[in-house]
Amino acid sequence: MPLMGDASLASVLYGASITYGTITAATQTVSAVIPVSTEKHVNKTEIVQQQKNDQMGMDSTMPRNLYLAFAGLLVLCMIISHPRFLARLFASLPTKKNQNTSVKVKVLPYSKESLESVNQLQETKREVSGGDLSQGWFLKRGEIENRIQIDSPLTTAGLSDTCSKKDPFASQFEEKLRNVQPIITKYQQQQQSENQVPVYYPPPHIIPLLEYLPFSSKFLLFTPFSKLPAKLHLKSYLTLPQIYLIGGYLILNCFALIWKSDLTPSSKDKGYGSDWMRSGLVATAQIPLTIALGVRGNIIGLCVGKGYERLKVYHKIVGRIVFLASTIHGAAYMYKWSVAGTFSAYAAKPFAMWGLLAYFALVLIVITSLPWVRKAWHGVFEICHFVGIVGLLVGLALHVPVAIPFCVAGMVIYLISIFCSVTKTRIAHAELQALPGAGMTIVTLPGLRTGWRAGQHVRIRIPALGFRKAFESHPFTIASAPNGDGLVLMCKRAGDWTNKLHELALRSTEFQDRGEGGSNQATVIVEGPYGGLGNTLAPSFSSVVLIAGGSGITQALSLGQDLVHRAPSGVVRARTIDFIWMVRNEEMAKPLMPTLIELVNEAKQWEIQCIEGRRKGLKKPNPTALRVKIFVTRCPASSPLTLLSSLENDEKDDDWKIEENKFIIQTDKHNSIRGLKRQPSAAEKEKLAYLLSRNPSSASTASTSTSTSSDSSSPKHNIPLSTISVNPVRPNFNIFLSSLADETISRYGRMMVNPSGILVTACGPESLTDATRQAVRNMEDYKKRGCGGIEFEDEHFGF
Ligand SMILES: Cc1cc2nc3c(=O)[nH]c(=O)nc-3n(C[C@H](O)[C@H](O)[C@H](O)COP(=O)(O)OP(=O)(O)OC[C@H]3O[C@@H](n4cnc5c(N)ncnc54)[C@H](O)[C@@H]3O)c2cc1C
């Protein structure tokens, strides 16, 4: 029993004036001096002693019991995520050496025989891929891939009024080359991809174990707190399984705090009593866990396949338990000492002073973590967290020796995390571009092209922002796909730091435009990548829906780009990617329109090649369509939307682009003119009229649903589906998801294959993610089963 022989600890255990040594000595003295005392008295002393020993034994084993329970919970979470992790591992295994799986394809003469020989040659080379376990750890320079160029907002000319239209890194010759490059690349790409055979199979799709539970569809996404008022600060996005996990953990802690612990005052004939040591031990034992859940180099996250940002909620809960237990411990002893009149004597003792220091450090952490302090002074919150953790660990280790192992463990976890952060940090040159209409700053790092997975985020520091803001690190989701032209971040103006960044970008652009020098380049310290979808593999799903609100487009953009870019290698199973973006006004969407249009074009080209290739009998994978739907939510009824038409006019002299734009827009018109859209039946018309009368905003969705289902039920289903549309209303997610499920079921039904689920991601304001979650939850069970399950992933721009 490690506690028994420790005098300082025993002093705390036994209360103010008695130490373990004195008690033992007193007991021995009693038996020595009064050897002939009555049998009854001796028995009583022995019983009291036995009670004390039991109590101390129970206290000392409590941290071990707690850790056994943590380990059990962790193993449970790991078992739940294990099948997905194995699937990811399997899809990440490197290709065998003798199989040259280079994406470069030999262009053979266009004859049936030669194409067949290419097919046979490459058929043997196809590998399962898409797990990307080797990606997402460190940012790297990478190589520029030879594929269709996707303009980043930075390289797009003619759209943003005040932003710089020149690429500062390109010479004049390079600029000219850049103008003709898309035409050349497109031609080469067409030539190549005519003969291209996919080199990979999509990764296996594993249904999460929890989905097999009865009533799982209603249970897994139920968020009971979302109905409560926001001022209660209960996390509205907590789902029922998360609440159960937290509830179970709280019960475990109550058990650890009170099981066989005697809190009544000690007395001569009643055992130990006043067991306020237990709460101190329970708090101390959980410090390493709290740190492990909160740090960026997150070992627990690694075990359960979740990013650190998704574990922050558990970090907060465990942190609050530590604070509560420490408060009980500290307050009880202070009260006891005050009642006994020994407070000042004890407060002067080193162990009590170190204990007080540790507690004040904890109070500092707690106060600066309050939501309103964190929002108002995030920098202060971060500094106080660092100072507080160091103070807490040092103070506690010097308070009682039993705390030393826990403090060392906490410190090691913290140091490992700092080491991870340092190894993940890069210094890179960035181009800054202000988009005042959208209230955004684009930060492009052309020197970092790979090393992240779509959906991950980085933390950036910009020394050029001045001394006070220089070393604040701010998280931003990477808006570009890996292996492209660089890492792109889109930072919306939200407060001090982002405002300063915007001003810096604006100022340098103005100076440049006036020819007064200045540069819109800045040195950026980037740390990451972190987070992302974990073991959820977007390419393994049959349909993908990316929903974004405002600046939340960053996550959807990188996932969308990644899937579209990788589709030609055969790794993407999804037939459709629905990209739904809600913006307040058109100004916000304008800067990104060229990127979106280019992306839709790229998807469409590949779709056409696949469909044509299949018609010719070539082995082509499933085409992947990108359907971009932009919803402008604050559009006055009197002014029609001009997003697509203004682009068409803006780029009259840019031949290749205008052609592409027309292509897309005309395809939409063409579809409707040629009657590829099924005319709604009388029943559908009635439903539409009813929906319109109930909720005007559902009109567009209802019509969309009619059109999407028409695609699937039409005999001419082998047509490219990639489109871009702009709508002046809010979408109705219930109707949209329901019709997408119908579409997926009917498409796979035709192919006599089971669909492998729909992935829905949402990023943006809480109301948007909540509405999406509810729509996923509300979908009928038979539809969910029919389409292979529907999964929901949300991202919050806050902790
Ligand atoms: C994982 C993640 C990804 C994000 N991705 C994007 C993105 O792609 N585009 C985008 O525009 N915004 C994104 N954000 C939000 C962005 O980090 C904040 O808007 C920005 O840090 C605000 O800083 P500020 O000083 O200008 O505003 P402040 O007024 O200081 O803060 C505004 C809000 O941002 C929070 N915040 C401030 N500083 C930090 C920080 N260092 N770390 C975390 N939160 C902070 C505050 O709590 C507050 O709620 C993301 C946030 C997170 C957590």
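Placed from the backbone N, Cα and C atoms, the Cβ positions cover glycine too.
Noted in TrEMBL for the protein shown:
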COMPBIAS  697-713  compositional bias 'Low complexity'
DOMAIN    405-536  domain 'FAD-binding FR-type'
REGION    694-723  region 'Disordered'
TRANSMEM  66-87  transmembrane segment
TRANSMEM  237-259  transmembrane segment
TRANSMEM  279-305  transmembrane segment
TRANSMEM  317-335  transmembrane segment
TRANSMEM  351-373  transmembrane segment
TRANSMEM  380-397  transmembrane segment
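Same-chain residues lying 6 or more positions outside the transmembrane segment (237-259) and placing a CB less than 8 Å from one of its CB atoms are 58, 62, 65-66, 69, 73, 210, 219-226, 278-279, 282, 313-314, 317-318, 321, 325, 328, 766, 769-770, 773, 794, 796. Tertiary neighbourhood of the transmembrane segment (317-335): same-chain residues 12, 246, 249-250, 253, 257, 274, 276-277, 279-280, 282-283, 286-287, 289-290, 293-294, 343, 346, 352, 355-356, 358-359, 362-363, 365-366, 369, selected by CB-CB distance under 8 Å and a gap of 6+ residues from either end. Counting residues 6+ beyond its ends, the transmembrane segment (380-397) has Cβ neighbours under 8 Å at 284, 287, 291, 354-362, 364-365, 367-369, 373-374, 403-404, 406-408, 410-411, 414, 472-473 in the same chain. Using a Cβ-Cβ cut-off under 8 Å and counting only residues 6 or more beyond its ends in the same chain, the transmembrane segment (351-373) has close neighbours at 8, 11-12, 233, 316, 319-320, 322-323, 326-327, 330, 333, 380-381, 384-385, 387-392, 394-396, 398-400. For the domain 'FAD-binding FR-type' (405-536), the DSSP-based tally of helix, strand and coil residues reads 44 helix, 44 strand, 44 coil. Predicted-model confidence for the domain 'FAD-binding FR-type' (405-536) is 89, expressed as mean pLDDT.
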